[in-house]
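The structure appears below as structure tokens.
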């Protein structure tokens, strides 16, 4: 029979193994580590060990050796060949030996072991561990796994925070292992630190193997714990056992005495007392009920107090007994059935409950008898008063006078009905009191309860009828009043919403028909954006229109549905739905017209913008070009490189390039004409206007012409006065030196400083100032306050020229004139170089020829033209 039970256990364990073929990776790691350590703890006895549990058992040799070591028996001689068939034969011999020990192997074959199937190999080793390490464990008539678990529980029971309930998470914190070691070898552990060298138990798991998984593997833990069991189970010393036996015997004797005392004190007094307290048979007289009350008071004063003392002593004995049994590791004391402390406490609670109920019943019965007559009279009085008040109320509530009433009349009827409802609510309390009194009479078993109940029922039924009629009439009045108020509110809402919407439509029509004047693309874009935003509001506006019309339609629907006779029109507004629709149609008609106007204006502004950019692109080139040429001409007019003829030639080349630039100016004029025709008044793309360009162009032409003329005059002056190029360069250097702002002119003070630098005696006194004023009148006859370089050269040439030169020129004139005493322009062109001839002709032009001969110049005119009257 024992062998059969063992086989059944192994079959169950093997079935568990089959279901767990797909092991959790963490569990597989723990099993591999634990089983390997367990196998090596036995193989070391034979002088060998394994490293890889599924590889080292493949040939069956070490597997057979392991079975021989743990069983103490010899197995069949193993095959020593290296072929697969030899390995399978050895593994089968091992499996056959395991089966001979009453173990039924399920789904484990030699081929899987030889092939290194890790799951099957671990399953086989677990089967071996169960059979040879766990099956023989027996604790208090339990064996194998249950026995090992019970042993662990018994050994670790005194340890705080240790609660062994299984072979997985109960060992996760490590306290269970520490408790087992300390229970048997307390000298080996100090606050959780083990000295493993004394136990001779192989280290099968590390702390992280257990802590690092949520649920450690049960098989690995069982294997490990079984090693503790075998290490400790037979190690107790005989003398320790004897001492414990003596101590236990003494304690047991004392405990048995306490048990007898407990059983004696736990009497059946409560069980006998409760039925007396639960007897609630009422009495019909006050005297009989008062006698029952007196008997109950005797029970409280005389019979119960001694039993309270016994209950207290009973609990003390029970607690003392249980404490001693627990300290002796003995099972807890189990009193006879029904005599547990909890049973007694419950019974005592039932007793006190029965006492309370009995006392309450006695008092209630006495109060009931006292109140019966009083309540019956009170019921009759209140019922009579209520019945008088309700007379004729049903007829009033059933009238239909509201059907033909106006809104003001309905409001008056509502006020009257509200007053009646208040009155009705005030009587609610009386009806409830009547019903409560009737209920109380029933609860107190009043002898005439049937007649009381019948009258109360009539009052309640009539009250329900009045309530229903009141609610019905109130609803009818409210419905009619709300109907008329709804129409009035709809009229008001229509007026409130129609007025602003009508104003919006009128403003929209005014804006849509408003003319606009814009000058830039941004302005027309702004108008277009605003218009698009306005158009975006049209759907919402249309919803508002439909909502306004919906209000009107709702009024019409109410009038038609409830046959309301509405005279006149909306008292709050003169706006009609027809007027709203007409103006809305006008707005929709004006929107596309406004769209077209904005599109056309946008196109016009785009063209204007194109004209602006076209003009600006050219003006932004021409303006700087004119400025550059002006600066270049200024540099040429003051520089001293080359002869005057070289400068003149250079300037004429500039003049030619400037004249060739004229078509660009003309083109710009054409673009400007287009801008003016388009009424464009500003251009943000350029700082140049056509007027600026014209003025700059004219200044450029004037400047180049004036500069050329100045160089020509300098040449004439040089030739006429005999001034050398070196002198001219010196005069130019002095002039440029004092021309600080490079304007081509000298101010009065600059000119004065220049003269002083050239050796003129102009002292800071009256005479010096007079002399400087004379000189200024010569160089600045127009009193402009500035001195040009040409005026400076003329002045310096006069101051430095030879005095005989004028006489020589006049003598030459007389030679050319001959006997006529005058000379003609053609004669000058024939006798003089072209440039000098043209110069003289130009100077002679302002003077009238002799005897009215056109183009003639006499001696006086010639002299005046060349030297002025002061030289004559």
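The first residue you see is number 1, and the count goes up from there.
Using the three backbone atoms N, Cα and C, a Cβ is placed for every residue, glycine included.
Sequence annotations record features per position, and here TrEMBL assigns coiled coil to 410-444.
The annotation domain 'Calponin-homology (CH)' is assigned in TrEMBL to 29-133 (among others). Within the model, the domain 'Calponin-homology (CH)' (29-133) carries an average pLDDT of 88.
Under the heading domain 'Calponin-homology (CH)', TrEMBL lists 142-282 (among others).
Summarising the annotation, TrEMBL assigns domain 'EF-hand' to 726-761 (among others). DSSP states for the domain 'EF-hand' (726-761), grouped as helix (H, G, I), strand (E, B) and coil, give 23 helix, 3 strand, 10 coil.
Applying DSSP to the domain 'EF-hand' (767-802) sorts its residues as follows: 25 helix, 3 strand, 8 coil. If you look up TrEMBL, you'll see 767-802 (among others) marked as domain 'EF-hand'.
Taking Cβ pairs closer than 8 Å, the domain 'EF-hand' (767-802) reaches residues 637-638, 710, 713-714, 717-718, 720-723, 727-728, 731-732, 735, 744-748, 751-752, 754-755, 758, 760-761 in its own chain, all 6 or more past its ends.
Helix, strand and coil counts under DSSP for the domain 'Calponin-homology (CH)' (29-133) come to 67 helix, 0 strand, 38 coil.
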